[in-house]
Amino acid sequence: MSATPVTQLTPSSQPQQPCSPLLGASVTELTSWVQQQGQPAYRGKQLHDWIYHKGVRSLTDISVFSKQWRAAVADVPIGRSTIHHRSVASDGTVKYLLQLSDGEIVEAVGIPTDKRLTVCVSTQVGCPMACDFCATGKGGYKRNLERHEIVDQVLTVQEDFQQRVSHVVFMGMGEPLLNTENVLAGLRSLNQDVGIGQRSLTLSTVGIRDRISELAEHHLQVTLAVSLHAPNQALREQLIPSARSYHIEDLLAECREYVAITGRRISFEYILLAGVNDLPEHALELSKHLRGFQNHVNLIPYNSIDEVDYKRPSGDRIQAFLTVLQQQHIAVSVRYSRGLEADAACGQLRTKASR
């Protein structure tokens with residue numbers, strides 16, 4: 001699909017300041033900035049091409065600019081990270097620990113499948129949600145990622161694979177809807193600057209009150225994935241502490257509103273935990289919540305981690321859960337995580353370097 005413009009996510013009318021990282025800026029912003037520096041407007045498009053398509057990491061390396069001007073802006077950061085560590089799984093999945101300018105480490109994952117290359121990106125350093133089954137939340141929360149730090153993850157994976165990224169999922173470290181401004185800016189840049197179609201971008205959230213409704217107002221064509229993980233409020237509170245302040249019925253009401261406004265189907269993520277939320281009666285209860293609006297359920301068999309005692313259900317238990325949903329006419333599939341040897345699968349995005 002072509003890169004449909006995110007018309008509701010327009011670039012800032014204010015030009016980039018000279019000392020701000022340039023990655024994430026639109027061609028309009030870059031043009032304004034180069035003109036501030038006394039350069040002709042066409043240099044903005046050239047700069048845009050070098051940043052997003054030629055992988056330049058320093059303005060001093062842009063050969064089409066004069067040596068004098070390159071020297072004058074040598075200290076202006078583009079905003080690229082460095083690869084701190086790289087792990088490769090037998091299925092070709094690659095996990096990256098990326099070091100940011102302040103020394104913090106975030107994780108990104110490159111997932112090759114056939115002719116596609118999907119990147120799983122982080123939106124925060126750590127995560128404040130502290131979901132009971134998730135490795136990332138066990139490490140605490142540091143800060144939000146800036147827009148350039150989000151876009152950089154995609155460019156880094158693309159350059160390392162030497163293959164064009166086709167899809168991006170915001171399912172790494174952090175809760176995207178607690179960093180809405182930078183996430184929306186990152187979505188805009190990935191769509192309009194990097195050239196990835198909106199429908200190839202997936203935004204995942206555990207559910208933050210009112211944020212899904214606010215997202216709907218942008219009328220985006222991105223895919224929204226909601227981490228549900230339980231069929232009722234009591235069990236969801238056990239697994240997701242933040243659910244105590246956001247009832248499952250309120251969350252689902254926002255989801256229905258989102259579908260009505262955008263016309264886009266919602267994906268519901270459901271991690272299967274042995275003996276916890278994987279019984280046939282859980283599947284039946286879940287199905288009752290999902291009738292009457294467009295949705296799809298991704299069942300994710302759990303990936304065990306050292307810090308918690310949850311286990312993956314047996315194949316028979318997974319199939320039984322799947323069958324109940326299918327019998328209730330719920331669109332459903334099982335998603336088996338990639339990159340287990342690299343600790344890169346869903347729920348295992350954790351920085352070993354911080355241990």
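Heads up, residue numbers simply count up from 1 along the chain you see.
Note: Cβ is positioned from N, Cα and C throughout, glycine not excepted.
The active site, proton acceptor annotation in Swiss-Prot covers E107.
Following the DSSP three-state reduction, the secondary structure of C134 ([4Fe-4S] cluster binding site) is coil. Residues annotated as [4Fe-4S] cluster binding site in Swiss-Prot: C127, C131, C134.
With a cut-off of 8 Å between CB atoms and residues at least 6 apart in sequence, the same chain places C131, S204, T205, V206, G207, I240, E269, I271 near S227 (S-adenosyl-L-methionine binding site), listed in sequence order. If you look up Swiss-Prot, you'll see G174, E175, S204, S227, L228, H229, N303 marked as S-adenosyl-L-methionine binding site, on the strength of sequence analysis.
Model confidence over the domain 'Radical SAM core' (113-341) stands at 95, taken as the mean pLDDT rounded to a whole number. Feature annotation from Swiss-Prot assigns domain 'Radical SAM core' to 113-341.
The region 'Disordered' feature in Swiss-Prot is assigned to 1-20.
The secondary structure of L228 (S-adenosyl-L-methionine binding site), as reduced to three states from DSSP, is coil rather than helix or strand. Residue density at E175 (S-adenosyl-L-methionine binding site): 26 other Cβ atoms are found within 10 A of its Cβ, drawing on all protein chains shown. Counting neighbouring Cβ atoms within 10 Å of each of the binding-site residues (C127, C131, C134), the lowest count belongs to C131. Closest to G174 (S-adenosyl-L-methionine binding site) in space, going by CA atoms and restricting to the recorded positions E107, C127, C134, is C127.
Rounded to a whole value, the Cα-Cα separation of C127 ([4Fe-4S] cluster binding site) and H229 (S-adenosyl-L-methionine binding site) is 17 Å.
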